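What Swiss-Prot says about this protein:
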REGION    1-20  region 'Disordered'
TRANSMEM  42-64  transmembrane segment
TRANSMEM  149-169  transmembrane segment
TRANSMEM  184-204  transmembrane segment
TRANSMEM  214-234  transmembrane segment
TRANSMEM  264-284  transmembrane segment
TRANSMEM  360-380  transmembrane segment
TRANSMEM  422-442  transmembrane segment
TRANSMEM  463-483  transmembrane segment
TRANSMEM  491-511  transmembrane segment
Amino acid sequence: MPKKKPAKHSGEDDITIPVSPQTGSSIDTWWWLTHKGTTTSFLCISLFALLIRSAVTMYPYSGAGIPPKFGDFEAQRHWMEITTNLPVIDWYRNGTYNDLTYWGLDYPPLTAYQSYIHGIFLRFFNPESVALLSSRGHESYLGKLLMRWTVLSSDAFIFFPAALFFVLVYHRNRTRGGKSEVAWHIAMILLNPCLILIDHGHFQYNCISLGLTVGAIAAVLCESEVLTCVLFSLALSHKQMSAYFAPAFFSHLLGKCLRRKSPILSVIKLGIAVIVTFVIFWWPYVHSLDDFLMVLSRLAPFERGIYEDYVANFWCTTSILIKWKNLFTTQSLKSISLAATILASLPSMVQQILSPSNEGFLYGLLNSSMAFYLFSFQVHEKSILMPFLSATLLALKLPDHFSHLTYYALFSMFPLLCRDKLLIPYLTLSFLFTVIYHSPGNHHAIQKTDVSFFSFKNFPGYVFLLRTHFFISVVLHVLYLTIKPPQKYPFLFEALIMILCFSYFIMFAFYTNYTQWTLSSHFGSSDKEKKQI
């Protein structure tokens, strides 16, 4: 039987969790569930989060009523049309009924399978919405309603359970914590304003790949490494942008394997889990090298250039002074961006290979995804969802920095959301996040105890710089909405917004990389050296 530690009466919300002699035992998780009331908190917050998502769906989506190609909504609908009417081998192949220049599939097979399942659902209730060829640009009320419901259901059945899995494991490893702290953390994850606006406003299914990633992260924390490999392989098979997290998973798992009696066997076991998962879900395309390469070519549209539109990363921001596209060929830019991304990811990877820990792994996820966002090839505004998800999971460790990152992550997508006519949801969710973030609880005290190594606040002028940044951002909000830019510089305000957001992101990246290297090794049982077979 697990031994319960004596309760400490430091506050009515503080609870001491019994420690199971076996890591990952269901005993301590069940005790935690029944004594902390997490189920009630999670259900209440989940219902509220679904209500907010439903409210956002009432607003326009990407490309609404704008022919000939409309936007991401039409892309997702078109993929349902293709997958429900054509053989699986033709889903990625250009042909009479599948014109790849009109929203051809450019995500891995799991996205195609998801489109097929959702397409069957749409065809049952509204066959016209997925009829081959004739359904292009379909925007009936029922069709839009069904499409919105597919995103809501994906969120509810994939992202929400994954979030609960993570919260259970994460707070079980934290030997003390209050109900309000746990509820606040759940709210920060489920009421992620960036994800809500992109999936339920703009219209995408990021909740699926991010949900699988969160599940894989939770599996790491409870030391289920094979499950980690399976879930993360599924995330990669749904959206290739999940590769933003790959350096963190690779370095952490490799670091743990190297500390065991049989490191090679450990690596082989995990490698088999990855290979089997990929083979199963890529099965229709692994029989022929040509078919396999055909799918891969759709996943890497290098011809679009190193960046698209205005994104707050290094390449777009510096292009104001350095015309990258004019100075270098696409092939050269691919090599340069790859080298820059590897160099930016390397410090956090080395730290986890040398000293793998649960907390270091969470920081590694944040640092590798931010490195990809800042320096990789063909980054979109929506790609900020990757590092922002990692920061959300670390919200209790970085409460102040997390609030600032949320603001600038939202602001970096402001022009995109305005084009989609999502200004009201943008302002409403920003306000809602601020209210919930400042809700009663003890989360602000966490920073003093858990992240005490280094802070920008120790630098003279930091507070002034932060306030100046914020003031400029408010001015840019107003200018963007009220003043027409000069004809000579039609995207002036977008460029200024990107410069401002990039300047914050790069400071944040330096801070989190430094913090990862100065972590103590008290978080979780996996931080201790173990010799396993």
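Even glycines carry a Cβ here, placed using N, Cα and C.
Worth saying up front: this structure is predicted, and the values here are computed from it rather than measured.
For the transmembrane segment (491-511), same-chain residues at least 6 beyond its ends with a Cβ under 8 Å from one of its own Cβ atoms are 310-314, 316-317, 320, 344, 367, 370-371, 373-374, 401, 404-405, 408-409, 411-412, 414-415, 454, 456, 469, 472-473, 476, 479-480, 485. Non-local neighbours of the transmembrane segment (184-204) in the same chain are 38, 41-42, 45-46, 48-49, 52-53, 56-57, 59-62, 71-73, 76, 147-148, 151-152, 155, 159-160, 163-164, 166-167, 170-171, 210, 214, 382, 384-385, 388-389, 392-393, 395-396, 402, 406, 409-410, 413, 416-417, 420, 422, 425-426, 429-430, 432-433, 436-437, 439, 441, 443; each lies 6+ residues outside the stretch with a CB under 8 Å from one of its CB atoms. Non-local neighbours of the transmembrane segment (149-169) in the same chain are 29, 32-33, 38, 42, 46, 49-50, 53-54, 57, 114, 118, 121-122, 182, 185-186, 189-190, 195, 199-200, 203-205, 207-208, 210-215, 217-218, 221-222, 393; each lies 6+ residues outside the stretch with a CB under 8 Å from one of its CB atoms.
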